[in-house]
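**Q** If you scroll down you'll find the structure; I have some questions about it.
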């Protein structure tokens, strides 16, 4: 497990622990000094310790943007509004005021989904490859914001492109298959079942609060069924391929790399290699033992989090079904 992933898991555990402890230990009233001291400690936990932990584990170690610190402050404010004593909770009343703007935003998202479905269907009719690859090729040398926006805009077309076999009929063939769990049939059925359960559960949980919100949230969750099918087909059939002098590596829909062949310094078969997961610029993709190592001349961005968590990489360890075929293809492509 890479160091950045470890830090994210550490913060996730800290956040869950803090909120569970905070909600259960928050006094209902401030009747005495002991209650006030308990509330001070919980407030420090929510608004000092958690933001510091987020800054260190997510922003600093994960090389993310500073503005993302607002995420944990917003979440802490919401928990405080719902769990603090009434005489303090009203200071966080602005969270309740957000109810109607949230509904408005959800309606906009719902309309955007409808528009994006039509737009996505129109875009993918003649595509011969992953739309995200074109976005990376266009904005690779530009600023991060332009590439981030481009990947967001390309994500809808990508889902449709891989979810429906007819749309991906002209896709470049795979040169090898990465050993991914998401390529297994049992995995996609498990994810589809979980998505349906989550969609139905969200409706029944929210309908008493707002039927509009319940319908919108459950439909948005249900809409991810298409992404799960796309994730499975991408992992099973198109995890590793060549496209326009680029090697495209797909770690399911979650993460991908677009590596220009001129940036590849060496391709070796190392079935027993010791993998240094503490190296921030080393990544291992695929389950089981790594059997191919690709070393790069310069750092190339691994677009994790569906393109929203960029990380520079110089060494890629892959676990594939045909390591020798992959090596031969890459070496031949580099010479041509």
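The backbone N, Cα and C atoms fix where each Cβ goes, glycine too.
Automatic, uncurated: that is what TrEMBL annotation is.
For reference, TrEMBL lists these features for the protein:
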{"type": "TRANSMEM", "residues": "7-26", "note": "transmembrane segment"}
{"type": "TRANSMEM", "residues": "38-57", "note": "transmembrane segment"}
{"type": "TRANSMEM", "residues": "69-92", "note": "transmembrane segment"}
{"type": "TRANSMEM", "residues": "98-122", "note": "transmembrane segment"}
{"type": "TRANSMEM", "residues": "188-206", "note": "transmembrane segment"}
{"type": "TRANSMEM", "residues": "212-234", "note": "transmembrane segment"}
**Q** Where else in the chain does the transmembrane segment (188-206) make close Cβ contacts, counting only residues six or more beyond its ends and a cut-off under 8 Å?
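**A** Residues packing against the transmembrane segment (188-206) from afar: 182, 213-215, 217-219, 221-222, 224-225, 228-229, 231-232.
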**Q** Of the stretches 38-57, 69-92, 212-234, which racks up the most C-beta pairs under 8 Å with the transmembrane segment (7-26)?
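**A** Answer, by Cβ pair count: 38-57.
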